[in-house]
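Per TrEMBL, the features are:
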TRANSMEM  12-35  transmembrane segment
TRANSMEM  76-96  transmembrane segment
TRANSMEM  117-138  transmembrane segment
DOMAIN    119-254  domain 'Glycosyltransferase RgtA/B/C/D-like'
TRANSMEM  167-184  transmembrane segment
TRANSMEM  196-223  transmembrane segment
TRANSMEM  235-255  transmembrane segment
TRANSMEM  293-312  transmembrane segment
TRANSMEM  319-337  transmembrane segment
TRANSMEM  343-361  transmembrane segment
TRANSMEM  373-393  transmembrane segment
Amino acid sequence: MAIKSKNSQLSAKLLQSVIGGCGLPLAIGLIVRLIGINFGLPYATGARPDELVIIRHTLPFGTGDLNPHFFHYPSFFLYFSFLIFGIYFLFGLLLGRYHSPTDFAASVLLDPSPLILIIRLISVFFGTLTVYFIYLLFRDKDKTTGIIASILLSSTYLAVRESHFGTTDTAMVFFGLLAFLFAWRVKDLGKTKDYIISGILAGIAASTKYNGAIFLLTLIVAFLLRLKTDHWRKIALGITSALIAFLFFSPFILFDFSTFITQFREETAHLLSGATIELGRGWLNFITIGLRYGIGLPLLIFSLIAIIWTLLRNFRFAIFLLSFPLVYYLLIGASRAVYVRHILPIVPFLCIFACLFVKQLTYRFKGAIRPIILTLTLFILLSSSIQNIIGYLTTITKKDTRSCAAEWIIKNLPPNSTIGWVGSAWSVPNLPLSTSEISARFNEARIGIALPAKIIEAMKTKVGDTGYRIVRFSKELANNDTLRFFNIDQIKKRNIQYLVVTSYPGLPFGEVPEEIIALQKDTANYKLQIQFNPFKKSKIGLGGLILDKQDATYLPFANFSGVQRPGPLISIYQIRTDCRPQ
């Protein structure tokens, strides 16, 4: 044992000499999460759809009403974002960027890109810290294993990708992994304070995203493994702490319970029924798409072998490590809402299993060759992820087609023009709006809250006479009265002067209605002005794109060789004058 311990210490020192301990993985993790963090901005504010949802339900806290009136998400991330928004506003006030709360509200409603960037940076913060805390899991036991784990997570494509999005997923994984860290301490030491801390962190994870509650299972399993020595009061304290933390950060679940239960049922129904396109249950899709490309085939196969190896070598320990990812996978796999981000919480655990197996396999090598073998092994395991990270970052750092279209429209179309837009809400860039459009778009029926008149007037003052009127056509949202909808025959009635058609092969959000296809062929009345193509070939319908088909990101999930920039294919047409009322 002494020789093995000495070899382990030597290995750790040699590995740290090569990669700088946890410092280098942490730096790499931060850099790859920061590159392209402003993708799509300032015009393509719908590049990641859920970001605007979070901002829309966070800003009203500024009125003093802390009830989000929105329970499809729990509230922790909303409150945390609002806190950072408040700090940003105060700095803006001191620097003269904003002159009052009204000025701030008007500015960010017209251009939410600063707030989008802030919540993306929040995800970068939590995503990078997760790399550090997976190292802490092993630091006191075996630094080499901790370093390996941090390297794997820092450069795993799905973790890097999701850290670019200002949504709840990365933050939930951070708090969940912290809860698991203290559950591990419970398994080893059984201290009451660790029960409480693990419970609190699991409660915060659940208050960030509801499925974070499953992290509490790691604490329960840790208690069961200590059942002969720990009193049941300890686990009762842990579970109670989790419940208190959950309700503390999402208090209106209790205070507005009827709204919560209604929206929670809607969210559950959405998960069970799926979205836009039927992909079946998620069990197979999460492996063949989410993990196959999210962590890469080498790491996926290796981690699955590592799970079997751990089960055979130390069954009790393996059950503890599997308690969260196995139950989470079985539950989320039953859903028909198969977004690849839903499999993210499993990724750190696959990295943990893999790092344990890597460490064991390299024990046969002695001396200075060990870190070299480790480095080569890690490179092979991460090769697929590295390829996808390079493709992803290279693509998102290019100008989005929605930004290209917005700049062209502002430069070439006269203010107050009426533009018909074909495509999902997320295909529309954040163009300057006409004063009439501001009144129509920001009324209570459209956004769910009544904005003070002074904010509406401040928005109109900022825009002046430079804005546009947007009329959107979208079949899939025809029954949603919060969105402007029109049949194709109404183009003439609404005096639409320009028609913008967006599409993306393979995405249900990117399908073009047959009526619009017919208009595109009518070159006499609809003259193509310009087209912005995200693909490297002019031919539409490229094969080989690996897509997150239920999500409207207008970007491949993997295989970026066929694309040159983010965004949908955008075609802008001018409608002949005699096709419109005089």
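Placement of Cβ uses the backbone N, Cα and C atoms for every residue, glycine included.
The shown structure was predicted, so the numbers you read here are calculated from the model rather than taken from an experiment.
Between the transmembrane segment (319-337) and the transmembrane segment (117-138), fewer than three CB pairs separated by 6 or more residues in sequence fall under 8 Å, so the two stretches do not touch. Counting Cβ pairs under 8 Å that are 6 or more residues apart, the transmembrane segment (293-312) and the transmembrane segment (76-96) reach fewer than 3 and are not in contact.
Secondary structure by DSSP for the domain 'Glycosyltransferase RgtA/B/C/D-like' (119-254): 114 helix, 0 strand, 22 coil.
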